[in-house]
Amino acid sequence: MGDEPVNVKEYQELAKQALPKMYYDFFAGGSEDQHTLKENVEAFQRITLRPRVLVDVSKIDMSTTILGYKTSAPIIVAPTSLHQLAHPQGEILTAKAAAACNVIMGLSFSSTCTIEEVASSCNAVRFFQLYVYKRRDISALMVKRAEANGFKAILLTVDTPKMGHREADIKNKMIAPQLKNFEGLMSTTVDNSEGSNLEAFTSSSLDPSLSWKDIAWLKSITQLPILIKGVLTREDVIKAMEIGVEGIIASNHGGRQLDYVPAAIDALEEVVLAVQGRIPVLFDGGIRRGTDVFKALALGAQAVMVGRPVLYGLAAKGEYGVKRVIEMLKDELELTMALSGCPTLNDITRNHVRTQIDDHHSRL
């Protein structure tokens, strides 16, 4: 492999070479047997494309609007934690790359740069990802800071009442850095010499009592639209719409929480069918190619989130690496749309893909 990657996957190998093993394992790893982690990527390979031909594709338009905000492509930088473990300038560079590519950035509650630093670094449209801690005052303060600094939506992560059992972090005795957002509020330093300092901190901080009734609390402290991230079932979609959330993110936390849940792409259609077009559905999990983006859109997602590849680009080549990861996915999506006979995103339909469920039905 040459110095310049030709696809997103090659950035992962560069990141592995650039990062200390502890940090690479933290970014790359999943929970327990890592079955869902692997399935998130491999499940895309079981979905095939059904292209249309003799369509005028001389002009391809990938632009879209997400929650009212125009973006160059249906690609969002997923909120992922601790970017300064990948690069000293961390989330600031990630935000600048998102702005340069005209895509939306999600900022993690566990970012290593502050909300204010990221907000002042560039003009990217930004969404803020929220965990609810036992100390609700801290979560509420972060929401208010995000709103005051121009963030446009709250992405409430709901699949983490406790942290998943990430065995690589335990073996490596992963250390959580002190998070600047929490300076003067709480310490992320936890004495846990037997395993992961990060797991010990999150276990002591996350609020396992968080439930549907708490969405009303969140609505009471912010005017921003609330999307819930980590939904995989029809039943939870229906509850989410009953309480009035503004969007759903179909996600299994990148295979980092409950192992042996379905690959995110395998759960997407159940979520989409339950929503029935009433609120936006975003998708998160396993995107590595433009064809993956196309498949998720065909199955009903309005846009996809990209997490680990962004971190790999950041670790390998800083802001340039993040931009290249996003650009590669955009270029591959554009090519896939052209070769599939889809000049616009609205032309991508369910009939453009064939899944294992379709194969099963055809045999009945």
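A Cβ is built for glycine as well, from the same backbone N, Cα and C atoms used for every other residue.
Annotations in TrEMBL come from automatic prediction, not curation.
The active site, proton acceptor feature in TrEMBL is assigned to HIS253. The FMN binding site annotation in TrEMBL covers SER108, GLN129, THR157, LYS229, SER251, ASP284, GLY285, GLY286, ILE287, ARG288, GLY307, ARG308. Per TrEMBL, glyoxylate binding site is recorded for TYR131, ARG166, HIS253, ARG256. Residues annotated as domain 'FMN hydroxy acid dehydrogenase' in TrEMBL: 1-358.
Sequence features annotated in TrEMBL and their locations in the structure.
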residue: SER108; record: FMN binding site; Cβ neighbours (10 Å): 23
residue: TYR131; record: glyoxylate binding site; Cβ neighbours (10 Å): 20
residue: THR157; record: FMN binding site; Cβ neighbours (10 Å): 21
residue: ARG166; record: glyoxylate binding site; Cβ neighbours (10 Å): 24
residue: SER251; record: FMN binding site; Cβ neighbours (10 Å): 28
residue: HIS253; record: active site, proton acceptor; Cβ neighbours (10 Å): 25
residue: ARG256; record: glyoxylate binding site; Cβ neighbours (10 Å): 22
residue: GLY285; record: FMN binding site; Cβ neighbours (10 Å): 34
residue: ILE287; record: FMN binding site; Cβ neighbours (10 Å): 27
residue: GLY307; record: FMN binding site; Cβ neighbours (10 Å): 24
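Mean pLDDT across the domain 'FMN hydroxy acid dehydrogenase' (1-358) comes to 94 in this model. Checking each of the binding-site residues (TYR131, ARG166, ARG256) against THR157 (FMN binding site), the C-alpha distance stays within 10 Å for TYR131.
Comparing C-alpha positions, ILE287 (FMN binding site) sits nearest to HIS253 among the recorded positions TYR131, ARG166, HIS253, ARG256. When the Cα atoms are compared, GLY307 (FMN binding site) and TYR131 (glyoxylate binding site) turn out to be 17 Å apart. Of all the binding-site residues in the list SER108, TYR131, ARG166, GLY285, the shortest Cα-Cα distance to HIS253 (active site, proton acceptor) is found for GLY285. Checking each of the binding-site residues SER108, SER251, GLY285 against TYR131 (glyoxylate binding site) by C-alpha distance, the shortest gap belongs to SER108. If you measure from the Cα atom of ARG256 (glyoxylate binding site) to that of GLY285 (FMN binding site), you get 11 Å. Taking the C-alpha positions, the distance from SER108 (FMN binding site) to ARG166 (glyoxylate binding site) comes to 19 Å. The two recorded residues, ARG166 (glyoxylate binding site) and SER251 (FMN binding site), have Cα atoms 18 Å apart.
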